[in-house]
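These notes are about the structure you will find just below.
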């Protein structure tokens, strides 16, 4: 029976053993049991349990814990988690025992004395590089249960895993102003990554509205009551030592737009309508403006009337107005998220207020040239309508008809270059303005101008100097200005100033009184020192002054001659024959020196033109010939001294004739020519010789060599027995010189030699005063027929032979002995 019930309930009627299993009991309830024995006579008395028995499973040690996992590993620690046993042995778990074993050892060692009921523990103080395995057991009041299955061997080292990032948001997010939004996601990585939020490349900081929450595996950025300024590109970066991952989201916080930007411009106003314009809102609310709503109101009434609610332009025509009434306009901007506050205009009366533009002021003419001028004017009042064109007209001053300067529109500039003017003609110009109403009145005509290139003031004269002086005057000289300002130089103004004074005095009153580049300033006081300056003058005015470099003391002066040589007075001057020889030098000295030109210490050739001016001298010889070359000298002399310079002049010409033409080694078909170089090579190196021959019976010379650089030549291919003349000329870079010719013809024959001695000379008869001689012909005749035999005799003992006579035959009678 249940302990709180009084009634007994039979469990079984027949049990033959001394034990029984009672089924159907309710766990957690307490029961009493009783048992009686029965035989055939009947049932004996019951025996009852002395105390109630509480129904529950028997208590044992707990089962092994489950799912032992390694959650983190570093070089000196391991973090483990596990789940409770499936069965706790019938009693609550009182503690867990975590054990470790170093791989290679046999025994497990208890890791900690703590109870570790939260089923997570980090084992610290491990040795880097060692490998361990772990197991955990559960304990209840009975004792320690079986250990869990061991972990895999775990080596102590820092775990590395690149960051991962799993976001819950898309690339774009649109949020209404005032709403909250959040950007969330999950991440992982070993070591634990650092999480950073950026907005438009700026780190996001927490405040009353912005909240950032980061757990070991989740991240979140939340913004309460969003405002337009929260719009931007958000970026979350998850980074550890192995790398980083980024996620982006373009958040657009949208709102209705701000009001259109004023003021409202009344572009056009008429008696029955107006055209107004405005500028778009500064903030479109993050969404494109889809529409403007325009309304009008008569200022005498309180009612706003719609004009249009369907335009995206920032200009609008306001129709159906009553003339003379004043109106206000208000404009709203609209986007997908609402309508802005209105922009309200000033009051404007409906009336016509436009006319043609006013006449511009008198135009100014600039940049005048011989065929063009630039007309410049100011913009006139436009009559209420924008000016669309300017009309520029021109006319010659004496004419009556105005002509348009161009058919093309001139706008928006207020200047125009008028082309096609006639040089020297005088012109006037005027300008009219045009708007859509019409063309306004023309401006007053400009001042007349002449079409010619502008004249500017000239530049200062060049190199003014005092070239001479006396006890009461100074002679000045200068060169013209480098730039005449496009106007003719009228003349020069000369001014002088006594040293110490401040005032400059004019030496001449008008520029045309000194048209040349020199002037004698007179009326000066002897012994005083003066400064001088010169100005050039053209139609545009006076140039800046050019100053004589040094003050000049007024007194008679004596200066020794000075020669300033021109480039053609270098040590050696080469001139080509036929060209003009020019020698010149600047001469100084007071009084001006006497000038003498000489050549080789003799008078120069009468054909030389010699010119002496107040500043120098020049010698010129036209059509120079070679004989004009030589040493020229220029001597200048005055009482203070003298000076001489010399220049060697080489007239480059064709060379002279070769010298000493000689013919030798004559043969029947050749001969050998030799010669010497010309005395005069024409001032240039002999480049070659030309050799020619001529049959005396022919008028034609034939070239046998035209490029010989040697001074000899073998003339070949002669005709035996023919008589020839030869000639030779020298050439240099300036041409061929005259020929030198052989004096007499050369016959082409082999050379003759004396004959051999007669043979077998003997006497055939002797008398007291004569001897008869006989001989034979010699072995060789020397290349020519023997013409005779010379007979000589000698007294015995004498030194000299005496000629007797020449005989044609092979015998002779010598008489007179």
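Glycine too: its Cβ is placed from the backbone N, Cα and C atoms.
The domain 'Fibronectin type-III' annotation in TrEMBL covers 1-58 (among others).
Here the domain 'Fibronectin type-III' (64-159) is broken down by DSSP into helix, strand and coil counts: 0 helix, 47 strand, 49 coil. What TrEMBL lists as domain 'Fibronectin type-III' is 64-159 (among others).
Annotation comment: TrEMBL describes 163-252 (among others) as domain 'Ig-like'.
On the 0 to 100 pLDDT scale, the domain 'Fibronectin type-III' (259-353) averages 91 in the predicted structure. Sequence annotations record features per position, and here TrEMBL assigns domain 'Fibronectin type-III' to 259-353 (among others).
Positions annotated as domain 'Fibronectin type-III' by TrEMBL: 359-454 (among others).
According to TrEMBL, the domain 'Fibronectin type-III' annotation covers 460-557 (among others). Each residue of the domain 'Fibronectin type-III' (460-557) gets a DSSP state, and the totals for helix, strand and coil are 3 helix, 46 strand, 49 coil.
Feature annotation from TrEMBL assigns domain 'Ig-like' to 561-646 (among others).
Per TrEMBL, the feature domain 'Fibronectin type-III' maps to 657-751 (among others).
Per TrEMBL, domain 'Fibronectin type-III' is recorded for 757-817 (among others).
Among residues of the same chain six or more beyond the region 'Disordered' (455-481), those with a C-beta under 8 A of the stretch's C-beta atoms are 487, 489, 492, 494, 496, 517-526, 530, 532-549, 552-557, 588, 590, 614-615. Feature annotation from TrEMBL assigns region 'Disordered' to 455-481.
Assigned with DSSP, the residues of the domain 'Fibronectin type-III' (657-751) fall into helix, strand and coil as follows: 0 helix, 47 strand, 48 coil.
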